[in-house]
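J.: Feature list, courtesy of Swiss-Prot:
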{"type": "BINDING", "residues": "N27, L29, G54, E75, D100, N125", "note": "S-adenosyl-L-methionine binding site"}
Amino acid sequence: MKIADKTVTRAILERHGFTFKKLFGQNFLTDTNILQKIVDTAEIDKTVNVIEIGPGIGALTEFLAENAAEVMAFEIDDRLVPILADTLRDFDNIKVVNEDILKSDLQTRIKEFANPDLPIKVVANLPYYITTPILMHLIESKIPFAEFVVMMQKEVADRISAQPSTKAYGSLSIAVQYYMTAKIAFIVPRTVFVPAPNVDSAILKMTRREQPLVQVQDEDFFFCVGKAAFVHRRKTLWNNLTSHFGKSEEVKVKLEQALEAADIKPSIRGEELTITDFARLADALREVDLK
């Protein structure tokens, strides 16, 4: 029987006297069909290494290790390390790392794979409270992860994969889609977790683009403009930009010049702009010395 079988999960938790900590946003998946779908979605086979974040008691880790060349699982809760040593004892291709993924030296860690030259995929059931920081940390790192298949709160998955002129579209959509393609693979109901979270989850598949979606003069400034445009969603782009850059006559003249050069109407809302529009706008703002 698999670790994710509900009776097995309960027995493991009881045997080790484990209690859930809200601090770590722990929800363990107890549906083997969904775990298999995650592995299938990620297309895991012996030609790839996997980094897993938040293995819990090893339910997903077990499925990954059966299919991948090697799995490196990052677990922040040191109480789970001996449990993982127990539940995954039959595998010789799993390395459990008791570290916070945000603080880990990943460049050094990935050299510890038996074959570090294999493509690396990230597969994870991310804690809701820290999904975005972890994703952006990994995406912006210099490590060429081939793909991310990540379980997260459905609302966050909607925001990441959203298209312009939709309610969910915003600065997070821009930040991720600049580097990756993003598509929701399937929905995971809250009922298949122990304990059950308050919301449904989604599996989001993100594949790294060979080149960023658009070319910009300054990436940091491009992301900054994207954030500024959504500070007040219901306000116009002009209102958000003057709130960010200032309302002096000099600034307003420069903003008008930049918007005209980028062929963007001041009365438009941020959610109506494509990522290509934002790239033109950011470069035009730099040209008039608004940074």
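Even glycines carry a Cβ here, placed using N, Cα and C.
Just so it is clear, the model here is predicted, and its values are computed rather than measured.
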J.: Using the residues the record lists for S-adenosyl-L-methionine (N27, L29, G54, E75, D100, N125), what whole-number Å value is the largest Cα to Cα distance?
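T.: Looking at N27, L29, G54, E75, D100, N125 as a set, their Cα atoms extend up to 21 Å apart.
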J.: For the binding-site residues listed here (N27, N125), which one has the lowest count of neighbouring CB atoms within 10 Å of its own CB?
T.: N27
J.: By the DSSP assignment reduced to helix, strand and coil, which category contains N27 (S-adenosyl-L-methionine binding site)?
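T.: In three-state terms, N27 (S-adenosyl-L-methionine binding site) counts as coil.
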J.: Around the Cβ of G54 (S-adenosyl-L-methionine binding site), how many other Cβ atoms lie within 10 Å? Please give the count over every shown protein chain.
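T.: Here the count is 25.
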J.: Rank the binding-site residues E75, D100 by how many other Cβ atoms lie within 10 Å of each Cβ and give me the one with the fewest.
T.: D100
J.: Tell me the Cβ neighbour count for L29 (S-adenosyl-L-methionine binding site), meaning other Cβ atoms within 10 Å of its Cβ, over all protein chains shown.
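T.: The answer is 22 other Cβ atoms.
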